[in-house]
Amino acid sequence: MEKFEVHILGCGSALPTTRHFATSQVVNIREKLFMIDCGEGAQMQLRKSKLKFTRLNHIFISHLHGDHCFGLMGLISTFGMLGRTATLYIHCHAELERLLTPQLDFFCKGMSYKVVFQTFDPGKAEIIYDDRSLTIETIPLRHRIPTCGFLFSEKQIPAHIRRDMIDFYEIPVYELNRIKNGADYTLPDGKIVPNNKLTIPSALPRRYAYCSDTIYLPHIIEQIYGVDLLFHEATFAQSEQARAKETFHTTASQAGEIARTAKVKQLLIGHFSARYEDESILLQEASDIFPNTLLARETLKISIESIKP
């Protein structure tokens, strides 16, 4: 089974604490690493995770609050000291490129690799990354400044050929690609062999949605409907609902409601306010509405399993 893992580097919010690093994650899909947000200390957590720096080529920044991007310059500089040669792509709002370019020119001149900014409009849902096995799409969110989440979607792979049936019907090799892609096969006598006799369905494609930071926003449900794993911020308990609304954040109960209505398979909550020394109240409030809820914590790794159709 191909890897599809989410590694939690940090799960705190804006105020640094001794318990949590700022929210940051790495998604490992088939040994390609994708970082989501890069708060202060993210590179130290990346080292602890034992993930290979050389496989991290894409970083996605949800918005321009410091707890989501203050770690970028340090990480970029470290890559340079390690002699990196592969291009690093930073997917972000255009403002971040304008902010970081002078710093790169000052601190990172003459590095052995290129940093390329690929900008997007956070208010628009669009595919911003596409390869042969994966797409990454923005999820417009509502925060105090322009913000988006990210939807990671595997592409459906072709069905698996049944070698025994191919041999039985003496089907030539040049027909196999058509059959893998869903075609039936016509025998020399005109009889049609249906595709489902010649193939075994491949596993269903997996999806992961990352939604932080945002006010309670039901209109994201259509875009994230049915995902295998949803990370949703749960900055506050329900007793702080007014504060959550004022600061454009979400309560744990509201995160649970989003997960339940969107019929996701599993909910992971994070971006915890520093006021909570024990986040069990947040887990309880989310679980009361959506039982299959996990509490994010540093070093947590979640594997999204393949599901047979």
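Note that Cβ sites are derived from N, Cα and C of the backbone, with glycine treated the same way.
The Zn(2+) 1 binding site annotation in Swiss-Prot covers His63, His65, His143, Asp213. Feature annotation from Swiss-Prot assigns Zn(2+) 2 binding site to Asp67, His68, Asp213, His271. If you look up Swiss-Prot, you'll see Asp67 marked as active site, proton acceptor.
Features per Swiss-Prot, on structure.
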{"residue": "His63", "record": "Zn(2+) 1 binding site", "CB count, 10 Å": "24"}
{"residue": "His65", "record": "Zn(2+) 1 binding site", "CB count, 10 Å": "19"}
{"residue": "Asp67", "record": "Zn(2+) 2 binding site", "CB count, 10 Å": "23"}
{"residue": "His68", "record": "Zn(2+) 2 binding site", "CB count, 10 Å": "27"}
{"residue": "His143", "record": "Zn(2+) 1 binding site", "CB count, 10 Å": "20"}
{"residue": "Asp213", "record": "Zn(2+) 1 binding site", "CB count, 10 Å": "27"}
{"residue": "His271", "record": "Zn(2+) 2 binding site", "CB count, 10 Å": "29"}
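Closest to His271 (Zn(2+) 2 binding site) by Cα-Cα distance, out of the binding-site residues His63, His65, His143, Asp213, is Asp213. For the recorded site, His143 (Zn(2+) 1 binding site), the DSSP three-state label reads coil. The Zn(2+) 2 site is defined by Asp67, His68, Asp213, His271, and by the 8 Å test on Cβ atoms against their centroid, the other residues of the chain that qualify are Ser13, Ala14, Ala22, Thr23, Asp37, Gly39, Ser62, His63, His65, Ser212, Glu233. A gap of 13 Å separates the Cα atoms of His68 (Zn(2+) 2 binding site) and His143 (Zn(2+) 1 binding site).
Those residues of the chain, other than His63, His65, His143, Asp213, with a C-beta within 8 angstroms of the mean position of the Zn(2+) 1 site C-beta atoms are Ser62, Leu64, His68, Leu141, Arg144, Ile145, Thr147, Ser212, Thr214, Phe248. DSSP assigns Asp213 (Zn(2+) 1 binding site) to coil in the three-state reduction, outside any helix or strand.
Note: the Cα of Asp213 (Zn(2+) 1 binding site) and the Cα of Asp67 (Zn(2+) 2 binding site) are spaced 11 Å from each other.
Under DSSP, His65 (Zn(2+) 1 binding site) is assigned to coil, being neither helix nor strand in the three-state scheme. DSSP gives His271 (Zn(2+) 2 binding site) a coil state; it is part of no helix or strand.
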